[in-house]
Amino acid sequence: MTALSLHDVSARYGSRVVASGVDVDLPAGSWLAIIGPNGAGKSSLLKAILGAVEHDGEILLDERPASALSARARARAIAYAPQNPQLPDRLTVTDYVLLGRTPHLAPLARERRADLAVVEQSLHRLDLTGLAGRALHTLSGGERQRAVLARVLAQQAGLLLLDEPTTGLDIGHAQALLELVDRLRAEDGATVVSTLHDLTLSAQYADRVLLLHGGEVVGYGTPEEVLTRETVARHYAAEVEILKTDNGNLVVTPTRAPRG
Amino acid sequence: MRARQDRGIRPTRLAPLAIAVALVGLVAVVSVSMLLGAANLGWTRVAQEVWAQLTGGRSPLSATEAAIVWDVRLPRIVLAGLVGAALAMAGAAFQGVFRNPLADPFLLGAAAGAGMAATIVVVAAPQVTGWVIGPLPLAAFAGAIGGVGLTWLLGRSAGGGTAVLLLAGVAVASFLTAIQTFVQQLNTDTIKQVYSWMLGGLNTTGWREILVTVPYIALAGVVLCLCGRLLDVLAVGDDEAASLGVRPGRVRVVVLLAASLATAAAVSVSGLIGFVGIVVPHVVRLLAGASYRVVIPLSLAGGAVFLIVADHIARTAFAPAELPIGVITAFTGAPFFLLVLRMNRQEVR
C-alpha cells in the first residue's frame, strides 16, 4: 500500500515557489530522506506535506487526498517534529507527551485511560519512564529530542515527518535517535520522511533519497543511485569520496586535494 | 525503578488536595476578613451573628451592626474575591496566548480604554445618581471592551499574529491615554477623582456591583478553565499546534475574548489593580506546575484569596483611613513572589 504520494507537488509561500515538481510514491514502512544544500526547500516541502505551507499538486495519504481530511483527521495521520521544537519550560515530560493525544480528543474533552496508556507506552519505548515527572527545562539535549519523539509517537500517526531530527546532537546521540526511529518504523510499520543534512546518515538510514537544489528535484532514488561524487560536487559544490564499508554501508566523506 | 513504573504515569491535573487547599484557603480568608473588619464590632459577636443567621437563633448585634456585616463587609469581601479571581485568571490566559510570562490582563488596551472612558464620565457627568449601577463602572466596562476591540481590529488589519497584536495594543494604549491626559488637563478640578479611581479600590455600594459583574466573570471562568488543555497545546508553537489538529488562531480568539471580558468586568468595579494578574499565575506555576489545566483554576482561586487579603489590609491597617489597594498588592505580593522564586530555584538546582 502506498502511504504517501506526491504528484507534481510544489510548495509556495504566497506566489513564491520554494520547491516544485516533486513526484514521490512511498510504500508503507519506507524511509525517505530529503537532502540538499541550504535553502534548497527541504523544510518547506516537509511543511507542505504537513499542510502548514501552501502547495499545488496532489498529496495522497493512504491513497486518499489529504485535502479532504479535517485538521484533526490529518493530525491523526501525520505527526511532525520541527527542527527546533519549542518545549515549554516547566511542563513535565508526561504532560508534554500527552499533547500528542490531542488529535484523538474532542477539543474540550479530557484524556481517557486509553490515552494515558499510549503515553505510558511511548515513554517506555523511548526509555523516558524514569524522567516522566521531570520538568522539560531540566533535561539534556538528547533527552529533549527523545521527549519530542515520544510526543510524535503518542500521536499514533502512520506518517512521521521529522525536520532535521539530529540537530544539536553529537554523533552518538544522533545515531541512537535514528536507530530508534528505524526501530519504530520496523515495529509499527510507520512511514518516515525526514530532512537530513548529514549525507552519510541519510544514506545509511533512508531507503530512498530525494535531492533538492534551488527548489528543483535533481535526484530521486536509492542512496546508491543518487549519492555519487559527481552529483554531490555539482549540487553542494563539495569534494567528496563515496566509500562503501565492509558491511555495505555508504559513507560520504569530504576530501581535500593534497597541498603543495 | 521498575516498581515505580507500575504505578503508572501522572499527568498534571487538578488534584483533590489542591482543590481542598484552595477551598480551605478561600473559606479561611473570607472568615477572618468577616470577623475582623474596620468597624470594631468584636469578632466573637460577629461570629455569633453569623451563627444566628445560619441557625435562626438570636444575634447580639444591633440592626445597624448587622447591616455593617452583611451589606458592607461581606459584599466587599466577595467583590475583592471576584476581582482578584478575574484578574489572575485573565493574566494566566494572556500569558498562555502570547507565550510571554510578562503579559498582563491590561496588555491589549483594556486599562487605557477603561481609564479614558472613566475620565470622560467623571468630567462630563460627575453627578448622575439613581442609576442601578453608576455611570463610571459602565463607562469603564465599555471602555475596556472598546480598547481591546480597537486593538483587535488594528492587529487584524495589519496582518494578525501575536506580535502584531501586541504592537497594536501598545499603539492603542498610547493613543487612548493621550486622549485621557488631554481631557484631564482641560478639567483639572476632577483630577483627584480620576486619579483615585485609577489607583484602584473596592468601594462597594452593597451587592449591586457583584450582581452586575458575576455573570461575566463566571462565564469567562468556565470558558478559560475548559481551554486549559488547548493553551498547553499553543505553548509548543503554532506549526506544531496545527500539526496536532488544533487551530491556534481560533483558540486565541476564544481565550482572549473570555479574558478580556473578565478584565473589563473587574476594571469596571475596581479601577486598575496591577500585579495580581502577573504574580498570582507565576506563584501557581512555581507551586503546582506549568500546565494551564491547573494554572487557570488555581490562579482563579489564588487571585481571590490574594485580593481579599490585600483589601483587608488596605482597609484595616490604618483604619479609618484606607490605603490604595494597588499599594498593598505590590507591597505584600512582591516579597512573597521573590520568596517563592528563591525556594523554587533551590529545588531545581
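Every residue gets a Cβ built from N, Cα and C, even glycine.
According to TrEMBL:
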type: TRANSMEM; residues: B:12-36; note: transmembrane segment
type: TRANSMEM; residues: B:77-94; note: transmembrane segment
type: TRANSMEM; residues: B:106-125; note: transmembrane segment
type: TRANSMEM; residues: B:131-155; note: transmembrane segment
type: TRANSMEM; residues: B:162-183; note: transmembrane segment
type: TRANSMEM; residues: B:251-284; note: transmembrane segment
type: TRANSMEM; residues: B:290-309; note: transmembrane segment
type: TRANSMEM; residues: B:321-341; note: transmembrane segment
State, in range form, which of B:12-36, B:131-155, B:162-183, B:251-284, B:290-309 has the highest count of Cβ pairs under 8 Å to the transmembrane segment (B:321-341). B:251-284
Let me spell it out: take the transmembrane segment (B:251-284), skip the flanking residues so only those 6+ beyond its ends count, and list any with a Cβ under 8 Å from a Cβ in it. 79, 82-84, 86-97, 101-102, 104-106, 108, 110-111, 114-115, 118, 137-138, 140-141, 144-145, 148, 152, 162, 197-202, 204, 209, 212-213, 216-217, 219-221, 223-224, 227, 230-231, 233-234, 241, 294-295, 298-299, 302-303, 306-307, 325-326, 329-330, 333-334, 336-337, 340
Cβ pairs under 8 Å only, please: of the recorded stretches B:12-36, B:77-94, B:106-125, B:131-155, B:290-309, which one is richest in them relative to the transmembrane segment (B:162-183)? B:106-125
Would the transmembrane segment (B:290-309) count as touching the transmembrane segment (B:77-94), if touching means at least three Cβ pairs under 8 Å and pairs must be 6 or more apart in sequence? yes
So which of B:77-94, B:106-125, B:131-155 has the most C-beta pairs under 8 Å when paired with the transmembrane segment (B:12-36)? B:77-94
Same-chain residues at least 6 beyond the ends of the transmembrane segment (B:131-155) with a Cβ under 8 Å from one of its Cβ atoms are 108-118, 120-122, 125, 161, 164-165, 167-169, 171-173, 176, 197, 205, 208-209, 212, 256, 260-261, 263-265, 267-269, 271
